[in-house]
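The following features are taken from Swiss-Prot:
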SIGNAL    1-19  signal peptide
CARBOHYD  Asn56  N-linked glycosylation site
CARBOHYD  Asn73  N-linked glycosylation site
CARBOHYD  Asn89  N-linked glycosylation site
COILED    128-156  coiled coil
CARBOHYD  Asn182  N-linked glycosylation site
CARBOHYD  Asn352  N-linked glycosylation site
CARBOHYD  Asn427  N-linked glycosylation site
CARBOHYD  Asn433  N-linked glycosylation site
COILED    452-477  coiled coil
CARBOHYD  Asn457  N-linked glycosylation site
TOPO_DOM  508-538  topological domain 'Cytoplasmic'
Amino acid sequence: MKAFPVICLGFAIFSSSICVNINILQQIGYIKQQVRQLSYYSQSSSSYVVVKLLPNIQPTDNSCEFKSVTQYNKTLSNLLLPIAENINNITSPSPGSRRHKRFAGIAIGIAALGVATAAQVTAAVSLVQAQTNARAIAAMKNSIQATNRAVFEVKEGTQQLAIAVQAIQDHINTIMNTQLNNMSCQILDNQLATSLGLYLTELTTVFQPQLINPALSPISIQALRSLLGSMTPAVVQATLSTSISAAEILSAGLMEGQIVSVLLDEMQMIVKINVPTIVTQSNALVIDFYSISSFINNQESIIQLPDRILEIGNEQWRYPAKNCKLTRHHIFCQYNEAERLSLETKLCLAGNISACVFSSIAGSYMRRFVALDGTIVANCRSLTCLCKSPSYPIYQPDHHAVTTIDLTSCQTLSLDGLDFSIVSLSNITYAENLTISLSQTINTQPIDISTELSKVNASLQNAVKYIKESNHQLQSVSVSSKIGAIIVAALVLSILSIIISLLFCFWAYIATKEIRRINFKTNHINTISSSVDDLIRY
C-alpha cells in the first residue's frame, strides 16, 4: 500500500494527533484558499496626531517668493473653515440660548448635532471630552510650527504624547529643499504648486464627509493615509507596539480617527486616533477553504465541511469569524468564535474519506472549478474541460472526484467556454483511487429535498393505510377478546359450581353417614337397656 504524505498547517505535538490533510481533501473538492494569523484586539487608548498642512520652505539665497504657497494657504483655509466652525458649534452651546444638553458636565451644542442617533451623540461627547487634550497639544503649536521634521514627537506637562505629522513636508524635504539653490524661482514655484495642488485635491476628496459634520463622520481609512502620507509606518510604530504592518492595521479599520481641533492660523489639524491593543496568538491559524462539486458514485456531490476552520497545534474548530476584521494575512477578532467539530469531521479533515459526508446536487448552477496558485481544480465530469494548447479534451476517470490541471498537462484551458492560462505546476505528486459508500451521501439541496418530501408523503399515505388496517384488526381482536373473556369466565364459574356441588354432596354424605352411626349406637344402647330391665324383673 502506498503511503501518502500529510500536510499539517499547525504545529505537531503528539505523533498520534490529527492534522489537516490538504492533498487528500483537494482530491474530493475541498481546496485550501487562505491562511491567516489569528489576533485579538480591543480599543483601549487614544493618541493624538497633529497634522501640519502647510510646509516649511527653507530660505534661499535669491529669496524666492512662492505664490503657490500663498494660494495653497488661501484654498486650504476655505477648506478647513467649515470643519472648524462645525467643531466650535458642537463643543460650545449656542450663544444667548439655554437649550443645550449636558453629559457628565459636558456642554454640547444640540443645534449643531441636529437629528442624531445615540452613537452620534456619543461621538459628540467624545469630541468634547477630547478638547482638553487638544488644547494642551495646541499650546505647543509654536514648537510644532517651527520644526522642519516630517515626524515630530511632542509632550506637554501631563506627559500626553502627540505626534506631529507633516505629510507634505516629507515631499518638500526630500525633493524641493535639495533643489532650492540650483533652480530658478519660477521653476521651483511651479513644481511646488504641482505638489501642493495634488495634495490639496486629495484632501478635498477624502475629507468631504467631514465638511458636513466632523463629529458624526469619523475619518476614513483614505483620509488617515492621506493625512499621514509616507509617514504612516512611523506613526503606527510610535503608537502601537506590534510587528503587524501599518497597511494591515489601516485596511482592517482598527485605527479610527476623529478631528477634534483645527487651528486656522497655523494650518494645523489635531486628530484623535483610537489606538487598539493587539495580541497575536502565535500558533493559531485560521484557514479558509473553498468547496467545489465532485463526481462521486456516478453523481455530482459536494463535501459537507466548514468553509473556515481554526487550527491551534493539532486541534481544529469551526470558526465563523462573523464579528472579525479580515486582511490578507491576519484576522482580527475581539473574542474567540471557535465552535467544536465532531470526531467524524476531524477524521475527514485528516484525510479519512470514509468519515466524510457528501450531499448530492441537482441543478446546473454550482461551483465546479477553482483557481489555485496558477493551476485549475475542476470537476470535469460536470463541465466541459478542453485544453486549447495543446488541443485535446480532458477526461476525468470515474474513480477521480476532481481533476487538477497544471502547466505540465495544459497551457490554455477552456471550461464551458471560459478560457484560462495555466502558469504553475501542481505540487501534488500522487492521486488516490477514492472509494466512497452510498451511505455517505445525503440530500441537502432544495430540489432534492422536494423530491424526498414527495417520497415521504407517499410513505406517509401508505403508513396511514396500514394504520387503518391495523386499527380494524385491533378492533376485531378486541371484540374477540371480550367474547373469549366471557367464555372463560363462564367456564370458571361452571367449574367452581361443580366443585362446590361436589363438596356439598361429599359433606352431605359424611353427615348422613355420621347420623346413621349415631342412630345405630342409640338403638344398640336402647336394646341393652331393655335387656337389663328384663333381668332386673326376674
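Including glycine, each Cβ sits where the backbone N, Cα and C put it.
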Rounded Cα separation (Å) that holds between Asn352 (N-linked glycosylation site) and Asn89 (N-linked glycosylation site): 67
For Asn89 (N-linked glycosylation site) and Asn73 (N-linked glycosylation site), the CA-to-CA distance in whole Å is 24
Hey, what's the Cβ neighbour count for Asn352 (N-linked glycosylation site) at 10 Å? 14
Could you check what DSSP calls Asn73 (N-linked glycosylation site) once collapsed to helix, strand or coil? helix
Quick tally, other C-beta within 10 angstroms, Asn73, Asn89; top of the glycosylation sites is Asn89
Local confidence of the prediction over the coiled coil (452-477), expressed as mean pLDDT: 67
